[in-house]
Amino acid sequence: MIAYLTNLATLATIFGILAASLNLLIGYAGIFSIAHAVFFGLGAYAGAQLAMLLVPDLLLACLAGGLVAGALSLCLALPALRVRGEYFVAASLGLQMMAVTVFSEAHAFTGGHGGLVGIPLASLLGFDISAPPTFLVVCLVVLALVLVVIRVLMRGSFGRSLMAIRDSESAAEAFGKNVARLKTLAVVLGCAMAGVAGVLFAFYMAFVNVESFTLEQSILVMAMVIIGGTATLIGPLVGVLLLLLLPAGLSFLPFIPPTEIGSVQQLIYGLAMALLMIFRPAGLAGRSAGQR
Amino acid sequence: MADIPLSVRGLDKHFGGLAAVQNVDLDLRPGVTTALVGPNGAGKTTVFNLITGNIPADAGDVLLDGASVRGLQPYQIARRGVARSFQDLRLFGRMSVRDNVLAALEPAPWLWQPGGGGARRARAKAVETALERTGLTAQADARAMDLAYAERKFLSLARILATGARIWLLDEPASGLDPNSRARFVALVRQAVSEGVTICLIEHNLDIVTELADRIAFLDRGAKLAEGEPQEILGDPQLISIYFGEPR
Amino acid sequence: MLFLQLLLSGIQTGAIYALTAAGFALIFGATRIFHVAHGASFALAGYAFLACSQMGLPWFVGCLAALLLAVGFGLAMDAFIYRPIQRHEGSFFTVFVAAFGMTIVVQSLIELGFGRGFVVVDSPLTMARAIVPGLYLADIFWVAIGLAVALFVLVTLFLERTRAGIGLRALSENPELLRAYGLSSRRLSALAFGLGSALVVPGAVLTATTSGLQPAIAAQVMLISLAAAVVGGIGSLRGAALAGLLLGVVENLVIAFVDTQWSSAAGFVVLFAFILFRPSGLFGQAVAR
Amino acid sequence: MLQRRTFLLTTAAGLAAPAVLRAQGSPYVVGTLFPMSGPNAEYGMLFTNAVQLAFEHIKADGMLKRPIDLRAQDSLATPQGGAVGMQKLASVDGASYVMLGFTGVSKAAAPIGTRSKVMMVNGGGVGPDLAGLSPYFWNVIPLVNQEVKALLPWLRQKSLKRIALIYVDDPLGNSVLEQLRKGLPEAGGELADTYSVPPTAQQFAAVAAKVRSVNADAVYFASYGAQQSQIIKQLRDNGIKQQLLTYSAGSIPSVLSLPESEGLVYTSQAADWSSAQDPVTQRFVKDWRAKHNSDPSIYHQNYYNAMRLFALLAQELEKAGTPVNGENLLATLLKVRHFTFVGGEGTFQDNGTLELPMQINQIHDGRAQKIA
């Protein structure tokens, strides 16, 4: 039981980092990306490759994963500068679909559908950190760091500028904000953090393949952010706990026949998403309109 | 020429076949409030958008202190001391009133605002002053979208006030205000003018125009038909009949 | 010859995409709701048709059942999901998540009701014959093209000639005009959902006989509709239909030049390119920034 | 929210506690980790039905002294779902033996199962990457290479020389590609052309057009799930009249029941339902037909065997008086190696796969018939 809870907690922490980084885009910068799993994947692949080819050091891997994801996030920044709203959603969708094909085709980097197997155990500055409880602690530390960075930045002028752009791009520009640069910074920062989450994921799973970086994953993370509450620090975490623990919790229900377990779980899961959006449209941790 | 903070020379803009602005000249001088007046669709807001670089001009030029701003991005023009308001306000709706004003005076070139603690305190002070002058201190922590209509209009003014910009372009700043708020608004603008701010405003309410404007530029179908003292323009029956929309 | 063959099968695929995408565009144009559950309407219609044909009912009964279910679902989404959400804060993404949740619900219900496998309705119309040596076409090709053209003409006529149709177009362009016409925006939005959902029926029925159905088909259809609606210029019916056709053709033709692996991604490459280089789409107005 | 979370966790703990107790007490906990929702859920259904039948037989025969407690987890056919499900089966349910399927799931679950010393058994397709994945990971099915190899003599006999290959670009598909590329020339044939498709592709009219243009004698496809039926249907609809060939994945009901599958030839391990002599196979076929009113497929056979393998291993352990856990199950498997399964006698190889006699089947009137 402890091992199971540790496992869930570690996954929840990794997804917490992922959701928090997407919240930077969706919640603060108003960039509605449904391609976040792409950058999660880029980080995971980069981290795994580094660990397999050079050294399984988590710090270096995080650096590499963050760099690769951050650099390639310019593919997302480009449409983000040109279009907004539904158009951007569609652009990120296109990017996501293309990336999945590239991930499955670029065998040298990703191992194709077979994925990368045998990712070595993680170490940090020479210490073995692969034991599940230790790794959980490391993940929690990374999550804490990410949250601190987001909080500090979002409380500062950068955060205010992003939110100003989100609420009215033209007005922000009229007050001297370099919208292109700020948006690009936000995208790079958010995607680099997603890359770091990907590195942790790769080390934790010891195996990665394209099935973890699909559109479904992107939508799951997006749902976590929206259901939890955008532009709040704890909202994405609340969303992660709910959406990760809901299926896990449902699997404990004794009365579902084993042959129908998947469908019934999905049914409840989908219904929960719809109902939450009807009754808590600003998310569980968000404040609704009219509330002062 | 150099003592004119902002001058517009032969500005032209076409949207498809429609001439939105045709050969408009305009000089804005410090301490002088100029009103752009004209019927709906005369191209007044387009003139603003051309000045701030939001849309590129087909021909003509905008000079800030005698230097052309051609090719500059809107944010670069803004940083040269041009602040504007919008007809539809464009507040930062989900941010607090205080953050709305604060965001307006931080260009935030990178991840942080340079200048350190001293500059930060100075900015905080500027924000408080702007909020005080616009009477929004009590609402400082409310979200902009939750404000009443008049409060929102004052917030859009507070954003401009706090920046310390020397040129203000105000797009229908007083429309829809009750008489009491209107009086406060007029007082605010007058104080700014007395402090040397150059103001250009678009306004439909002719009472406000007569109260505030030192000069009036009359636009119709993108062209400047006349410019002069308020009584001179408002006394011209032909212009007035265009303004009040005789069948055209 | 290969090129021609690929072009023709692209047109058949594209005709189905076009109708589905036009439905999506109609709903989006009139209500500004990104109806992500459009794919679920498609799946429901397809399975309704399948159920009827399994019961041995004639094909037009199946089509009618598909129509009723698709329209009913569209109207229900509008009334019970979108409207309550929009009454509150109703940001674009809130709607997106709720609609996606409902897509999952529909998919699970289909799994529970019809099992999880691939199913197909048998029809003699789908068997291709050589019309000239080396060029194969099935009768269903003509059915698809005919239906697409006929329905498109009908919908266009409806939008241009009838009061309700003009109201629908006005809903997105100029809501104030509606009041002048004395039309209720609530009724019109229901009309948009009904009509838009009805447009999935031919595609669903044809797919049930050609490439077959599976519970997860909703997501696929949703992606294509969305891509076509954007490439066509959001809200433009004509654009969405043409873009749907284009995506179908590209998906098929691309195989003549690159590895088959890229076929389904090709449509999204087109989508991405359009957004970068011509964000207004084929027929859209310039994007307001 | 905090409250809700605590609630969920305590509910989880409350429900799980008796399970852990029971695992120490009477029943043996056996887990299944199949996709039970999503595009591959048809397989989860198939696998589960087969496990269920074996479970009933084991109970009816009183093969084991203690009852078996079957626990199902939805793997969603994704690595993440596999990891979470495996961890739950291993550490919450206390399963000592888990049946699973799908490459991504298997690879993600294998390290967790190995760490917790849980026997894992796969009965789905086997690419070279699943052979020898972990000492605790076994396949009750031969390597897909074996299947291709078994087909080559038949191709030669029927003088089908030019083969076009449609394959999913994953280790299994690539292994088929490699085997055909190597084996066909030796059998006097050649690969006419190859087409790799993504596992999510649904439209094959264009592929069909290309296949037609190369004028092959036969078309081999290596895919799985709903995609297989789509490939068959669309190839036939688009005028491909040539012989269609595939591996054991062609034996699922949705393929069998598809009219277009008439004449499809696929390889599988020996599974001759009509003329089987041995009692294990006879009983399996008879009871399957009685229960499901159709012929069993290869997957039914495999997962029946997987479940049966557990009973056989546990039986040995009960005889010896040693506790039934993953470690001991593995030791017994390595010691015995040779088992009586549905389809005949099977021997486990060192690479973690099962050596079984192979056969070639053809679909006729919705039923599979052994043709070689």
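Note: Cβ is positioned from N, Cα and C throughout, glycine not excepted.
Copied from TrEMBL, the annotated features are:
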- A:6-26: transmembrane segment (TRANSMEM)
- A:33-52: transmembrane segment (TRANSMEM)
- A:58-81: transmembrane segment (TRANSMEM)
- A:88-109: transmembrane segment (TRANSMEM)
- A:129-153: transmembrane segment (TRANSMEM)
- A:185-207: transmembrane segment (TRANSMEM)
- A:219-246: transmembrane segment (TRANSMEM)
- A:267-286: transmembrane segment (TRANSMEM)
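Contacts between the transmembrane segment (A:33-52) and the transmembrane segment (A:267-286): absent, as fewer than 3 C-beta pairs lie under 8 angstroms at sequence separation of six or more. For the transmembrane segment (A:267-286), the residues of the chain that approach it from at least six positions outside its boundaries are 223, 226-232, 234-235, 238-239, 242-243, 246-247, 250, judged by C-beta separation under 8 angstroms. Nonlocal intrachain contacts for the transmembrane segment (A:88-109), taken as residues 6+ away from its ends with a CB within less than 8 angstroms of a stretch CB, comprise 31-35, 37-38, 41, 45, 49, 75-76, 79-80, 210, 213-215, 218.
Taking every listed stretch (A:58-81, A:185-207, A:219-246) in turn, the largest tally of C-beta pairs under 8 A with the transmembrane segment (A:6-26) is reached by A:219-246. Tertiary neighbourhood of the transmembrane segment (A:58-81): same-chain residues 31, 33, 35, 38-40, 42-48, 50-51, 87-88, 91-92, 95, 122-125, 129, 138, 142, 179-180, 183-184, 187-196, 198-200, 202-203, selected by CB-CB distance under 8 Å and a gap of 6+ residues from either end.
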